[in-house]
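J.: Okay, handing you the structure first.
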């Protein structure tokens, strides 16, 4: 069946929405086919995800292609993977390699600001951390992709918080190990004791005063004037650039992307999400969110939040990429995680390779993506 007809049929059936959005534009302007899909999590959050079903460089769509699912990092969205375009954007490269590519999103970002009963303008909407992204968002998205593609399993790629959520998913739902062909983690955050991010330093100073709600500059400065200042058109991009610097540091490998990053950052996340990372940083424990001993006792049955059962993380092949200069993931923390989940370690030794370089570096294809795609190919089952 002609691929354009397939897309029209999906749209008529309500499975694909062709409304304008950044991810749609970022894919479509390069003449790659793109679909927009909506789904609901079991706790009511409505997420929009995107699909590149094939590449114009290798002909029309064909059935039974292996699916690859990509999950973005902290402050991000599906847009992040697309900013480099076809020359070095991982989704385009995967489509060119013959895969059915899906771009996930998480609650709270630009494509996850809806709920069946909660208002994103109210604090209750934002009562989540990366735990809920792993426990609810990822399983819902993976099940949806497998349902649409009629495949039993897929390849997973996660950057930063995308890796955190993935570990949570398998710790909480070990049955999802059977739905994963290969796991590919780019600077995944789990153990954070040696994190050097300036943002974390700021969070630690004010976490006791951070109320439930969406992150804003005022969350860290404790001054509402910060929100007004950063909302002003003249200063909005300055604040976004400062946030990226605080999170991941500057990189000499990222060039000519400043304007594009300003248009997409930040996509939206909760204060609780940052506080959860701060708790892991302070305690050295990859554990569930600490509500305080009284609430912990009611929620978990223990005064301390329980550790995530990393022994449940047991997919067949786990590739893990990390570097020496990453402000968020140190070599020590990366190697601790790799040992716990029996990952194949890919230690990037390029000088000054930082957290965002895994997405945006001008030489990311040579340093990361070429080997990553080959590994996926090597572990890809022959589909009928």
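Residue 1 is the first one shown; counting continues down the chain.
The backbone N, Cα and C atoms fix where each Cβ goes, and this holds for glycine too.
Annotation source TrEMBL lists signal peptide at 1-21. Residues or ranges marked as domain 'Partial AB-hydrolase lipase' by TrEMBL: 26-85. What TrEMBL lists as active site, nucleophile is 160. The active site, charge relay system feature in TrEMBL is assigned to 326, 355.
Give me the lay of the land around each of these features.
T.: Residue 160 (active site, nucleophile) counts 28 other C-beta atoms within 10 Å of its own C-beta, drawing on all protein chains shown.
Packing around residue 326 (active site, charge relay system) is summarised by its Cβ count: 26 other Cβ atoms lie within 10 angstroms of its Cβ, all protein chains included.
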J.: Work out, from DSSP, the number of helix, strand and coil residues along the domain 'Partial AB-hydrolase lipase' (26-85).
T.: 11 helix, 19 strand, 30 coil
J.: Just counting, how many other CB atoms are there within 10 A of the CB of residue 355 (active site, charge relay system)?
T.: 26
J.: Please report the distance from the Cα of residue 326 (active site, charge relay system) to the Cα of residue 355 (active site, charge relay system), rounded to the nearest angstrom.
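T.: Their Cα atoms are separated by 5 Å.
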